[in-house]
Amino acid sequence: MSSTRPTSAALQGALYVALSAAAFGAMAIFGRYAYAGGVDVLGLLIVRFAIGGAVLAAIARRRGVVWPRGRALASLVAMGALGYVGQSFCYFSALQHAQASLVALLLYLYPAFVTLLAAWWLGERLTRAKVVALVLCVAGSALMVGGGHGEPLGIALALAAAVIYSLYIVAGTKATRGIDPLATTAVICVSATATLVLIAVVRGATLGAPPHWPATAGGWAAMLAIALVSTVAAMIAFFAGLERLGAARTSMLSTLEPVVTVALAALLFGEALSPMQWAGGVAILAAVLALVRAGGAAADDATATSNA
């Protein structure tokens, strides 16, 4: 009995993380369909975070989680208003200027940036294994960009999304420590919504450019899928898997996320990767797995924070 229960929990955890990775990986695909329906980045993100935040807050309240207060609450609000809005805006903007597969794999450079920031800010030692993995990341990204199809703006936005995401993770390691992850995610989403609505009001008043909403049912369906599947369901499944597997194994399984994006983009949009891109993508994912195996306090914290 004692050996069966851990095995069962591990299998359940692996399934949860795989489902989470698939849901997150499909987000770029849903985004493409939403854009085809006429929405712009601002409108898409407002709907994503408004619906996602409301549903997550309702679930958290029903579960009776303890909500953060004071300085902890202020830190989470800042994470949502600055970090998550900035990262999401760059990511979804990049999808308008580059292949979904290219954007997804460049975003997955964030563990390398987290490793560098942890060495700089947190004093974590850069071991030989970490240095090799970082070099592999650089080589992989060069191959991805060199063999890909995307405007320089799209590539720059994807890299900016990875950098902002890594800053968000490292800065959030202390802010989220000891706080229920569901409450953390709900507060961040609500804060992001408020920030985006404020941006929309200011943009509309000064430039006469309100958010664009989908003109088709398919566009609305894609936006709802981003909010409910790639935000709410993905996050709940991620935290359920993290609880059962721990940070290291969860991080490894989460590398399925860009694989799902690449596969769906090839199947639905005909975005075939060149041999050079395949080599670059494999190099990036291998480097990410090597960084996870190398471990470190920042790696564990990054896992807990990355999908908040």
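Backbone N, Cα and C atoms are what each Cβ position is placed from, and that goes for glycine too.
For 13-145 (among others), the entry in TrEMBL reads domain 'EamA'.
The list of residues near the transmembrane segment (14-35) in space but at least 6 beyond its ends in sequence, with Cβ under 8 angstroms from a Cβ of it, reads 44, 92, 95-96, 100, 103-104, 214, 218-219, 221-223, 225-226, 229-230, 233-235, 237-238, 240-242, 244-245, 249-250, 253-261, 264-265, 268-269, 307. Summarising the annotation, TrEMBL assigns transmembrane segment to 14-35 (among others).
Annotated transmembrane segment per TrEMBL: 41-60 (among others), in sequence order.
Look at TrEMBL and you will find 72-94 (among others) tagged as transmembrane segment. Within its own chain, the transmembrane segment (72-94) has Cβ neighbours under 8 Å at 31, 41, 44-45, 48-49, 103, 106-107, 154-155, 157-158, 160-161, 164-165, 167-168, 171-172, 175-176, 179, 184, 187-192, 194-196, 308, counting only residues six or more beyond its boundaries.
What TrEMBL lists as transmembrane segment is 100-122 (among others).
Marked as transmembrane segment by TrEMBL: 129-147 (among others).
Among the features that TrEMBL reports, transmembrane segment is placed at 153-170 (among others). Residues 79, 83-84, 86-88, 90-91, 93-98, 102-103, 106-111, 113-114, 117-118, 121-122, 141, 145, 298, 301-302, 305-306 of the same chain lie 6+ residues outside the transmembrane segment (153-170) yet bring a C-beta within less than 8 angstroms of a C-beta in it.
According to DSSP, the secondary structure content of the domain 'EamA' (153-292) in residues is 119 helix, 0 strand, 21 coil. Positions annotated as domain 'EamA' by TrEMBL: 153-292 (among others).
According to TrEMBL, the transmembrane segment annotation covers 182-205 (among others). Tertiary proximity for the transmembrane segment (182-205) is limited to same-chain residues at least six positions away from its ends with a CB under 8 Å from its CB atoms, namely 42, 45-46, 49-50, 52-54, 56-57, 59-60, 63, 65-68, 73, 76-81, 84-85, 88, 176, 211, 231, 235-236, 239, 307-308.
Listed as Cβ neighbours of the transmembrane segment (217-240) (distance under 8 Å, sequence separation of 6 or more from its ends, same chain) are residues 12-13, 16-17, 19-20, 23-24, 26-27, 30-31, 33-34, 36-39, 44, 47-52, 55-56, 59, 181-182, 185, 189, 250, 254, 307-308. What TrEMBL lists as transmembrane segment is 217-240 (among others).
Per TrEMBL, transmembrane segment is recorded for 252-270 (among others).
Residues 101-102, 105, 108-109, 111-112, 115, 129-130, 132-134, 136-137, 139-148, 248, 251-252, 255, 258-259, 262, 299 of the same chain, all 6+ positions outside the transmembrane segment (276-292), place their C-beta atoms under 8 angstroms from a C-beta of that stretch. Residues or ranges marked as transmembrane segment by TrEMBL: 276-292 (among others).
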Under 8 Å, at least 3 Cβ pairs, sequence separation 6 or more: does that hold for the transmembrane segment (129-147) versus the transmembrane segment (252-270)?
no
